[in-house]
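Here is the structure we will look at, set down as structure tokens.
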Amino acid sequence: RPSFCNLPVKPGPCNGFFSAFYYSQKTNKCHSFTYGGCKGNANRFSTIEKCRRTCVG
């Protein structure tokens, strides 16, 4: 799995409400979170399928 999968979930400082998904190393699963729309990090996916395909394997 790519190293960015191990980054912590980071909603970012902006106030948008965008549905996104991140990989949790602790649970070895993808979870939903609300992305604010700016900054954040690479551990953010638009669909749970993309998250699973990239980080869970």
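The backbone N, Cα and C atoms fix where each Cβ goes, and this holds for glycine too.
The annotation disulfide bond is assigned in Swiss-Prot to Cys5-Cys55, Cys14-Cys38, Cys30-Cys51. Per Swiss-Prot, the feature domain 'BPTI/Kunitz inhibitor' maps to 5-55.
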Cβ neighbour count (within 10 Å, all chains shown) around Cys5 (disulfide bond): 19
Under 8 Å by Cβ from Cys14 (disulfide bond), same chain, sequence gap 6 or more: Gly36, Gly37, Cys38, Lys39
Chain-internal residues near Cys30 (disulfide bond), provided their CB is under 8 angstroms and they sit 6+ positions away: Phe21, Tyr22, Tyr23, Ser24, Phe45, Ile48, Cys51, Arg52, Cys55, Val56
Least surrounded among the disulfide-bonded residues, given as Cys38, Cys51, Cys55, when other CB atoms within 10 Å are counted: Cys38
